Amino acid sequence: MDPKIENSTLSSDQNIKEGNGQASKAVHTDLVPQPQSRRKDKGILTMDEETKVAPPEDEYASAGGKPTGKIEESVAHSIEYREALCKCSAILLLSAVTCALIALFRSQTEAVQFSTAYILELSLSVDNLFVFILIFNYFKIPQESQDRVLTWGIMGALILRGLMISAGVAAIALMDWVVVVLGVILVVSGVKLIFEDEDDDGEGDLSGNAVVRLSRWLLGTSDRMDGDRFFTHVPGGGEGAPPRRTATPLLLCLVVVELSDLMFAVDSVPACLGVSDSLLVVYLSNVLAISCLRSLFMVLSRAVQDLKYLPPAVTVVLVFIGVKMIVGYFAPRYEVGTLGSLVVVVVLLNLGVGFSLAERHARRCGRAGLFRYHKEEEGGEAEGVPPTEAPSSPRASSLSGAV
């Protein structure tokens, strides 16, 4: 056979084999499932990228069928919220009954004063949440121990508030010009908080705080926690020495909470005395307002981070009450009445909460709509409004600064 014919025959046979191999490979490729990915713009499954499917986060444990992960956390939070709301509802009902009894057995004017002082104390005490969170984070107090600190802290706060309110009412009764001093304190505090640098909060570092340093020096606490105990036993100084009793960081945290609340009472007590000079009205409003916030601490400590404009609104309320007290002393006929004060306080606080919720809703809509589409369409990072940072209260900033 001619060598040229033989070579062409061999090459054609080889081409046929290669073609069959490629065809079989193509068929095999079509039969084998290929990794899929979701197109970023239309949401259509394609064959060009690999999809990584994350395992479910919430699964039931193989033994006992107990929920793990986020399911257990969600159940715990729902129970916690339900209990907190039940306690708060009971306190709110008690507050309403107290207001009705004051109106029935004393006067409607004092009932309005009670309502104003109650709302005012609630709004001013919200700032305490920022401080309590800051203190708990600094001392690394576990959540199960925070309840014990808050319970004893509220009891101490009620005693200290009672002493301060009694002293304030007695001073106003003996020297009416004390009202002017209290009004000036409120105005100066409000103006100072308006120009306070909210970012200068020391990032939660209280090591140089005068209250913390004084408490450490007085108590001489140990370096370790001992459950929910305020005191523990540590080894003695010498060999064979008996263990000595010393305070734990939990007690140090309690003392700092008490002193911090006492500092904030310098603002809140004069503000309430600017609404009413009745010891019964002011003290009952303080007791019920503090108890209400105590029952909602675990819930509000999370939700209050979204109320960005509430602290500025509270600051304006402080200035308003201070100016009202000063004007009432020098020009009584121009003083805002009790009902007018209640309306102004409620309107200012509602504006602060309303603006905070409106901005939060706008940020969520921006991230869920336009900015997510921009990120997926271009394949880059979403641009626009940055995530909302946890707002810091000016009063909390002042605590971590110069005290």
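Each Cβ is built from the backbone N, Cα and C atoms, and glycine gets one as well.
Among the features that TrEMBL reports, compositional bias 'Polar residues' is placed at 1-14 (among others).
According to TrEMBL, the region 'Disordered' annotation covers 1-68 (among others).
Long-range contacts of the transmembrane segment (84-105) within the same chain: residues 111, 114-115, 118, 281, 284, 288, 291-292, 295-299, each at least 6 residues beyond the stretch ends and with a Cβ under 8 Å from a Cβ of the stretch. Per TrEMBL, transmembrane segment is recorded for 84-105 (among others).
The annotation transmembrane segment is assigned in TrEMBL to 117-137 (among others).
Annotation source TrEMBL lists transmembrane segment at 149-171 (among others).
What TrEMBL records for 177-195 (among others) is transmembrane segment. Sequence-distant contacts of the transmembrane segment (177-195) (same chain, six or more residues past either end, CB-CB distance under 8 Å): 168, 171, 266-267, 270-271, 273-274, 311-312, 315-316, 318-319, 321-326, 328-330, 394-395, 398.
The transmembrane segment annotation in TrEMBL covers 309-331 (among others).
Per TrEMBL, the feature transmembrane segment maps to 337-358 (among others).
Annotation comment: TrEMBL describes 377-403 (among others) as region 'Disordered'.
Residues or ranges marked as compositional bias 'Polar residues' in TrEMBL: 394-403 (among others).
Through the fold, the transmembrane segment (309-331) approaches residues 120, 123-124, 126-127, 176-177, 179-180, 182-191, 193-194, 267, 270-271, 274-275, 341, 344-345, 348-349, 351-353, 355-356, 359, 391, 393-395 of its own chain, all at least 6 residues removed from its boundaries and within a Cβ separation under 8 Å.
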